[in-house]
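These come from Swiss-Prot:
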ACT_SITE  Y95  active site, charge relay system
ACT_SITE  E135  active site, charge relay system
BINDING   Y188, R204, Q205, Y206, S207, F394, F395, G396, P397  FAD binding site
DOMAIN    150-260  domain 'FAD-binding FR-type'
REGION    147-402  region 'Reductase'
SITE      Y29  site 'Involved in heme-bound ligand stabilization and O-O bond activation'
SITE      K84  site 'Influences the redox potential of the prosthetic heme and FAD groups'
SITE      E393  site 'Influences the redox potential of the prosthetic heme and FAD groups'
Amino acid sequence: MLSEKTIEIVKSTVPLLQEKGVEITTRFYEILFSEHPELLNIFNHTNQKKGRQQQALANAVYAAATYIDNLEVIIPVVKQIGHKHRSLGIKAEHYPIVGTCLLRAIKEVAGAPDEVLNAWGEAYGVIADAFISIEAEMYEEAAHKEGGWKDFRNFVVVKKVKESDVITSFYLKPEDGGKVSSFIPGQYVTVQINIEGETYTHNRQYSLSDAPGKEYYRISVKKEKGVDTPDGKVSNYLHDHVKEGDMLPVSAPAGDFVLNMDSTLPVVLISGGVGITPMMSMLNTLIEQDSKRNVCFVHAALNSNTHAMKEHVEALDNEYEQVKAYTCYSAPTEKDLEMKNFDKEGLIEAEWLQTIIPTTEAEFYFCGPVAFMKHINATLTDLGVKQEHIHYEFFGPAASLQ
């Protein structure tokens, strides 16, 4: 239990964190990786280089300081981060290392006096305990469910399928021949990649793109081509070098962006690009469980060349009365224009969306590039969709949609 004095001191640093939060977290990671380079085997190097991880941590530290007197408010965020930590294999023994480096960064960047550092040290201990407790439960649950396991388990690529010019699916079965644990549609796994010539292991999270209950997991990976940045190292390696018969270490499914199976409301699934992957899991699950809920499936892509799983979704639309699928192309090819194989050219806009969704009293799920998600979030808000019915997933560190 933190004293009133400690709470007061921590809350007094909120303006400082608002101003210098990213500077502090940037310095924190510099200290962390220089003194503990082995942790580079856990963290996503690309997110570090792009500053996304630093921003995400700054947001989390700011929220912790703001609500240090009522941490229940940020428990949903703690759980969301906890899922990511569990999937990466972050353990209780890592937290003291992080705490020491964070306090050093606060001192170096902000010149914080000992009184502030001591208060933050106490506060960090309480916050770390919350993470450790929640993550311990997650590890326990993942390991003890049927077909479950702890940390990483070797999976064999039994099938590799090209879904579009940029997206390829990998079907994964356990090397040990055992069962795979079930998951909730929308969840992801971490895949561990060791690239020849690279010093450190690369970990990447990929949404499971098929319904649970199979003998395999399916991930569908976009080959990331850099614009003013290098190409995606891991996605290109998977596309170009990983073949059927190869082995990949995989963590048990995790994540809190999940389909609400208890709701009876209609479902609207909106995706941009590779954001289609968790939506495919949700759509396939609703079909396989014989759900009678109306499903509106809206996908945005450049054109048919980059549009993954188009034929599968169209087949479900044709076969099931409750499924309606719509496609939006921002750069249709001449063939697309000739064949008229899409519903709208340009972006997903409120006026068009309003004509195809069954009702605003529905559960809305969306995923895609950050700019796309900000646009969809604003559009749904403008249409009057209740916040509790809006669900979304970031590929990478969480960011603000405001």
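Including glycine, each Cβ sits where the backbone N, Cα and C put it.
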Surrounding CB atoms that lie within 10 Å of the CB of E135 (active site, charge relay system), all protein chains: 22
DSSP-assigned states of the domain 'FAD-binding FR-type' (150-260) in counts, ordered helix, strand, coil: 8 helix, 44 strand, 59 coil
Distance, E393 (site 'Influences the redox potential of the prosthetic heme and FAD groups') to Y188 (FAD binding site) (CA atoms, angstrom): 11
Greatest C-beta neighbour count within 10 angstroms, which of the recorded positions Y29, Y188: Y188
Spatial neighbours of K84 (site 'Influences the redox potential of the prosthetic heme and FAD groups') that are distant in sequence (at least 6 apart) but have CB under 8 A: Q205, A254
Among Y29, Y95, E135, E393, which are recorded as recorded positions, the nearest neighbour of S207 (FAD binding site) by Cα: E393
Most Cβ neighbours inside 10 Å, all chains, among the binding-site residues Q205, S207: S207
